[in-house]
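Working notes, beginning with the structure itself.
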Amino acid sequence: MSWLPVESDPGIFTEIIQQMQVKGVQVEELYSLDFNSLDEIRPVYGLILLYKWRPEEKENRVVITEPNPNFFFASQIINNACATQAILSVLMNSSSIDIGSELSELKQFAKEFPPELKGLAINNNEAIRAAHNTFARPDPSSIMEDEELAAAKNLDEDDDVYHYISYLPVDGILYELDGLKEGPISLGQCLGEPEGIEWLRMVQPVVQEQIDRYSQNEIRFSLLAVVKNRKEMYVAELKEYQRKRERVLQQLGALQADKYAEKSSYEALDRELSEVNIGIETVSQKIVMEEEKSKNWKKENMRRKHNYVPFLFNFLKILADKKKLKPLIAKHHP
């Protein structure tokens, strides 16, 4: 079974990750690279830049052809799999992510492989391919005649080709991972923890330079972030606020029983309780927003999984049989 093209969408990629049994991770689309935007979505495991591919000039930067054996770099073997492979590059190289049994076994199996064989190992992994193909665009070839299929293939040849590059810190080094290159590219030593802000400060100008270059050439692009599951984070934060609230209430109760307690102590605890209540309200709203977003993603993903092509094909065929199709086309395209 081949790898089929999928739409670039954070909801799709999040569900693909979940189907690969990876826990506690989701994908978000970034609309700004300013530090406040990056800081708000931490921890960020990796950034993925999507752009319309064009032949580039010769690479002058040093490509690491023999990376650390624990570093997972795979050559891009199948074009339609490049989005999933870019996500895998982040997942496989992030020690703080629970990648599940399927990816763990693949990582161990391909550990000593060169990049080309790692790419083939991904290509031949049925579980990953099945998760990817769940969101494949409907294939009209199953209902088309030979002439129609040939025409469709000719149209497909003119389709835009999109490419993905991953950026992430590994063992104190910031890397750029491009499956079309021979190996990873080191962008320099990166201080701080992988889940901190330091590597994001370092990668920001690198990605911004790429985006500016694409913008000048009118090349379409988008930026994705592989991040910790937001709802799980907020639920943990809410529980911490609730525990803090209980402690403050207990302290207030103890003060009420102490007739020698100072007024300033009451006031300090009241302020703290007020801050905690505001925190609880804020985090609760964030949880609701994440639940709503997840619900919308699931709704959209169900719509994407449905194949509307047979219905549309038969509908147009009925119109043609009744001699109504050509008049409609002529009316809207005189």
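Positions of Cβ are set from backbone N, Cα and C atoms, glycine also.
It should be emphasised that the depicted structure is a prediction, and the values quoted were computed from it without experimental measurement.
Copied over from Swiss-Prot, here are the features:
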DOMAIN    2-228  domain 'UCH catalytic'
SITE      GLN76  site 'Transition state stabilizer'
ACT_SITE  CYS82  active site, nucleophile
ACT_SITE  HIS163  active site, proton donor
SITE      ASP178  site 'Important for enzyme activity'
DOMAIN    307-334  domain 'ULD'
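Features as recorded by Swiss-Prot, highlighted on the structure.
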residue: GLN76; record: site 'Transition state stabilizer'; DSSP (3 states): coil
residue: CYS82; record: active site, nucleophile; DSSP (3 states): helix
residue: HIS163; record: active site, proton donor; DSSP (3 states): strand
residue: ASP178; record: site 'Important for enzyme activity'; DSSP (3 states): coil
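Of GLN76, CYS82, ASP178, all annotated as recorded positions, the residue with the shortest Cα distance to HIS163 (active site, proton donor) is CYS82. Here the residue listed as 'active site, nucleophile' comes close to GLN76, TYR162, HIS163, TYR164, GLY179: these same-chain residues lie at least six apart in sequence, with C-beta atoms under 8 angstroms from its C-beta. Comparing local CB density within 10 A for the recorded positions GLN76, HIS163, ASP178, the maximum falls on ASP178.
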